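These features come from Swiss-Prot:
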type	residues	note
SIGNAL	1-23	signal peptide
DISULFID	C41-C86	disulfide bond
Amino acid sequence: MSKKLGFALSGLMLAMVAGTASADMDGGQLNISGLVVDNTCETRVDGGNKDGLILLQTATVGEIDAGVLNDTVGAKAKPFSITVDCSKANPNPGSTAKMTFGSVFFGNSKGTLNNDMSINNPSDGVNIALHNIDGSTIKQVQINNPGDVYTKALDATTKSAVYDFKASYVRAVADQTATAGYVKTNTAYTITYQ
């Protein structure tokens with residue numbers, strides 16, 4: 001290689017390094033989450049797919065008037081169900097399904113789900129509560145609490161079970177009013193069998 005070409009390439013490399021070092025830089029983070037399962041049985045949210053979208057009705061700030069309560073749903077409660085169907089499972093996973101809930105990004109110590117404050121114009125001071133509805137019994141789901149297990153026997157004939165829940169708005173702090181804005185959060189449910 002000639003010395004002229006070597007000097008030209010060296011100069012180009014210095015220009016690239018110098019240009020990169022002096023440039024302004026912007027960036028951000030990507031939150032990536034997922035779930036890997038062995039698909040022992042099929043699950044469906046509201047009769048659809050295993051992943052569901054629960055759309056709550058619009059609530060006024062005044063309607064979100066309390067923090068989370070163990071045996072009472074919050075504002076604009078939306079019912080939804082999760083069906084576990086083991087009729088096609090081979091081998092049979094057992095006769096009982098046990099469900100828990102967790103959230104990598106939005107769980108908190110009250111067992112509710114924080115609002116995603118990274119969205120445009122988020123509501124501040126509001127959480128989402130999930131409650132299990134078992135007949136006339138209402139019980140708050142404790143997100144990220146592995147001891148908060150919802151157990152159902154699989155029907156002997158259909159090999160299935162249906163869990164009923166409600167999602168609702170609650171105050172993040174009981175004595176602080178929520179602000180107007182959008183609400184978005186997520187949770188994952190996990191089912192084990194015995």
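For all residues, glycine too, the Cβ spot is worked out from N, Cα and C.
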* Structure fact -> A correct count of other C-beta atoms within 10 Å of the C-beta of C86 (disulfide bond) gives 23
* If one looks at the chain holding C41 (disulfide bond), which residues at least 6 apart in sequence have a CB under 8 angstroms from its CB? -> V84, D85, C86, K88, A89, P93, A97, I191, Y193
